[in-house]
Every structure is written in structure tokens, then in C-alpha cells.
Amino acid sequence: MSSAERRPRSLREVVFVDGVRTPFGKAGPTGIYAETRADDLVVRCIRELLRRNPSLPAERVDEVAIAATTQIGDQGLTIGRTAALLAGLPKSVPGFAIDRMCAGAMTAVTTTASGIAFGAYDVAIAGGVEHMGHHPMGEGVDPNPRFVSERIVDDSALVMGSTAENLHDRFPHLTKERADAFAVASQQKYAAAVAAGQIGPELVPVATRSAEAGWGLATVDEPPRPNTTLEGLSTLKTPFRPHGHVTAGNAAGLNDGATGCLLAAEEVAEELGLDVGMRLVGFGFAGVEPEVMGVGPIPSTEKALARTGLTIDDIGLFELNEAFAVQVLAFLDHFGIADDDARVNPWGGAIAVGHPLASSGVRLMTQLSRQFAQRPDVRYGLTAMCIGIGMGGTVIWENPNWEGAAK
């Protein structure tokens, strides 16, 4: 085929139009979603995205990418496709499932965004779900014995809490006291954001049912503990090591929840009259030693910054997933950022709100998008997270409301 017969290609700008999530619940038999299916949580997010963006014809959605870490049961059967059908999207709309553990939804976004930039899609829905009450972390997993027998990884690499303890060992200045103080601040910032109405508009009410309480409606997050104190945290057990550092108070809990977002080519968003919440600048994923997977966001951020021509000083807002307080502190120390820097997780983080594994990446993005709307003084923001088995992921975004943009 000659060049004259080929359609010329150029990368398109990709925008984050809107993001939603279910309230996050506590995993287990008493959690709000104990008798709610994981795929129904995703369906609620997809339907809400379409309801909130009525100028988008459902048939214009080109792809639905939904992440889940444990892809069995109500999180199996190619959940991106089945959830799209259950949500009432036309049968012509394809979908797929994706897994990168905690960064599943983040990878759903970067994968579909790449397709939009390349011209394969105009509009896509991306998100994630994790029902850890139905599917505990590691359910059905059969690690190859060679990982340990051939010393490819240490035993601790397969236990996320143990990798966090390893971080405390590697960086002794990251003390339990610092981790606990960071955790208390996360709870306080989240509570303040809820009181101010900053968290809530993105939440999708979910009908729930239990044998004891009957029918209900989940409208708020279940995990937060706003009365958390340093004194209380100091008394908690360290389940991953005797006399250790990691507790239920300075780590994210075991949670259920789903997220979803709408992505589009900027020109298509303009054509359809869709709002632009933020523009994708670039992203990076990186591998690290699995035994200290919490440092993963450091090289992934360095990679994303290098590829976009930015520096850490260009970033005005950080949404960092708080899988463990220690891994966020390692990131902050590496880049010379104070523990209490106002740019970091201004509305609190996963230690307060929860971390339903594969769903969390889009929660970070949705919050950043809403913060951008309130902060025209900030041009760039960053979402980043550590990933099990030794990885990190970072996505950099631009604020369309930036007051320095050409008028």
C-alpha cells in the first residue's frame, strides 16, 4: 500500500470528562455490600455516567474497560463486556476485563486513552471493581513454587503488609510515629472534605440488602474513622510482624467498591458538548523489587515526568494512593515533599476512604478532576499508586481551568 492510500495519522488530545464511584464499603459479612454483586456495582457506575452526560448517545461509546484483581465469580466473565450489557449499552459496544492489581482501573484508563489518542476509539468508559468481601485478596491464586525455590522473590513479596514492613526496615527514618501521624491526617482531611461537600457529588447511591436489616441505600463511605487519634493508633496490633510498624490504622482496609470514568478525544468532547475535567499529559509504569513494592511510584513518576518534559516542581496537586502510610512517606521523602504538604491528598486518602484494589485508580483521578475545578492556579496534577508484585503507576494531568492558559 502506498503512502497516498493511507489515511494520515496524528495523536489526539485525550480528556477525562467525568468520573463516579460507589460509596466504598467494608469487606465482610457485615459490610454494606455483603449481599450486593460486584458486577452490579459496576453497572451503577456506567449508568450514572450516562445519566450525568445526557448529550452522549450510548452508541457513541466505543469501548468499556473494567478492571478487577480477582477475576472469578461476580468479577469474572469478562466483566467489562457483561457490565456494559447489564447497564443497557447497545450490544454493539464491546468491553473487556483488565488486571494490574491495585492499578487495574488506572491501567484501564491508560489503555483506552492510548486507543483514543491513536484514533481507535472516540469515547470510552474505564473503571474498576473489587468486592473483597466476596473475593478476598489472593483467592484462587496458585503462585509458581519456583518464585521462592529459585529465590526469584522472597516469601514476603507475596504479602502486601510484609512488603510495607520491609519498607520500614529499608528506610528506618520512616518511623511508625510518622506513619501514624500521616494516617490521622488522612482521616481528618477526609472528614473535612465531606463536611465541606467536596466529597459526595461523585458518589452513586447503591441499593443494598441484608438478611438482618432488609433493604437500604448506600450513600456514604463506610470505612472512615474520623475520631482516629495517635494514642489510639499506638495501641493497635502489628499483624505482619511482632513489634512491627504496620497496623490496621496506618494502612488501607479491606474494602468493596467500584469506579467508572468517561474518556474522550478532546475534539469529540467538544462535538458532543461534553465537559472537560482534565487533559491527559502522560503516564508511566515501572517495576521494582517485589519485596518493597511500595517504592514503585517513585520510578514510575520519574519516568512519567521525563517523558512529558516536566519536573516534580511543576506538579501542583498530588493524589497518591495510601495503600500503606509508609509507602506514601517514601515517595514524599524521595521527592523532597513534606509529610503535611497541602498539595498532597488534600481531601484525605485510602487510609480513610478505603482501597477496593482494582477500582482505586479512577477514584484518584475523579478527585483530582474535581480539585482542578476549584484550583485554577494549578496547571498540573499527578495520580500515582504502588502495585503488588513490585510495580508503580503514575498518570499526569493538565487542568483545563488553569488561569495561565491562553484565552
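Each Cβ is built from the backbone N, Cα and C atoms, and glycine gets one as well.
Residues annotated as domain 'Thiolase N-terminal' in TrEMBL: 14-267. What TrEMBL lists as active site, acyl-thioester intermediate is CYS102. Sequence annotations record features per position, and here TrEMBL assigns domain 'Thiolase C-terminal' to 279-398. What TrEMBL lists as active site, proton acceptor is HIS355, CYS386.
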- Task: Inside 10 Å of the Cβ of HIS355 (active site, proton acceptor), count up the other Cβ atoms and send me the figure.
- Result: 27
- Message: Return the count of C-beta atoms lying within 10 angstroms of the C-beta of CYS386 (active site, proton acceptor), excluding that atom itself.
- Response: 33
- Calculate the per-residue pLDDT averaged over the domain 'Thiolase C-terminal' (279-398) and state the result as an integer. 99
- Note on the structure: By a three-class reduction of DSSP, CYS386 (active site, proton acceptor) is assigned strand
- Give the helix, strand or coil assignment DSSP yields for CYS102 (active site, acyl-thioester intermediate). strand
